[in-house]
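**Student:** Starting off with a structure, shown below.
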Amino acid sequence: MVERANRPSALASAPASLPPQPHVELSKDEVTATLPDKSSVKILLHGATVTSWKSASGNENLFLSDAAVLDGSKPVRGGIPVVFPVFGPPPSDHATSKLPQHGFARSSKWEFLGKSFTESSGVKLDFGLDNTSLGEQAKAQWPHAFGLQYSVTLSPGGELRTMLNVRNTGDSAWEFQTLLHTYFRIPSISTTAITGLLGTEYVDKVLNASTYTESKTALPITGEVDRGWSQGYRDMEPVD
Ligand SMILES: O=P(O)(O)OC[C@H]1O[C@@H](O)[C@H](O)[C@@H](O)[C@@H]1O
């Protein structure tokens, strides 16, 4: 055998093992992703509702009612319901008027479009819903062509990002409202207050839907509160 002058050197040996990867599990009804640091997220295909978001310590960040129904027969009470194409009860003189409160996205079965690993060693889970996959009732109540893509990204350290992309895939314009209606879990309601609302106007649904101006720097929650703040929030954050 003749020895070649420019014989390629042997490839550097592959690392013994890859660093730990995010683990994604898909069942008939839900998708669960767990990162190597043990932070995790769980999404029900019904409504693409995030029902659990845990930090690496195992701490749950979302509230899910003990009475929540997860079999697809009702919207989920808790987690992050996706509100589309109308928020609240639809106005009677609007194209959404026949829809149920908060629209149909939270009551529809979404498709899991796939997972991708992010540069920061996190994982992005994509879900889709379009008019062709809606139930007959919803199609009749809101006959527009649309495509929704909802991305839920979990990053090391347990940071969660959610992004909803709305496309009009038809020929005529339509109006919509949307909201990621997040239910945060808090350690104790009696030690929680909301800051950043001083001077802003709100509609109080508990008090005949009248409009008021917030007069407190830190708003404690001492009873039932159901309010919609229509102005921009200023550094709003719950404190305890
Ligand atoms: O009971 P639903 O339809 O899930 O809505 C939950 C809540 O949604 C909020 O946006 C409304 O202000 C509340 O009045 C309502 O209770």
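Here the Cβ of each residue, glycine as well, is placed from N, Cα and C on the backbone.
Because TrEMBL annotations are produced automatically, they should be read as predictions rather than curated entries.
Straight out of TrEMBL:
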REGION    1-23  region 'Disordered'
BINDING   ARG77, GLN101, ARG106  substrate binding site
**Student:** So the record assigns ARG77, GLN101, ARG106 to substrate. If I measure every Cα pair among those residues, what is the longest distance in angstrom, as a whole number?
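**Tutor:** Taking every pair of listed residues, the largest Cα separation comes to 13 Å.
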**Student:** Note the Cβ centroid of ARG77, GLN101, ARG106, the recorded substrate site, then list each other residue of that chain whose Cβ lies within 8 Å of it, in sequence.
**Tutor:** LYS74, PRO75, VAL76, PRO81, VAL83, HIS102, SER107, HIS181
**Student:** I'd like the number of other C-beta atoms within 10 A of the C-beta of ARG77 (substrate binding site), please.
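**Tutor:** Other Cβ atoms within 10 Å of ARG77 (substrate binding site): 16.
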**Student:** Helix, strand or coil at ARG77 (substrate binding site), per DSSP?
**Tutor:** coil
**Student:** Using a Cβ cut-off under 8 Å and a sequence separation of 6 or more, which residues in the same chain sit near GLN101 (substrate binding site)?
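**Tutor:** GLN101 (substrate binding site) has long-range Cβ partners VAL86, GLY88, PRO89, PRO90.
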**Student:** Return the count of C-beta atoms lying within 10 angstroms of the C-beta of ARG106 (substrate binding site), excluding that atom itself.
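**Tutor:** Excluding its own Cβ, the number within 10 Å is 23.
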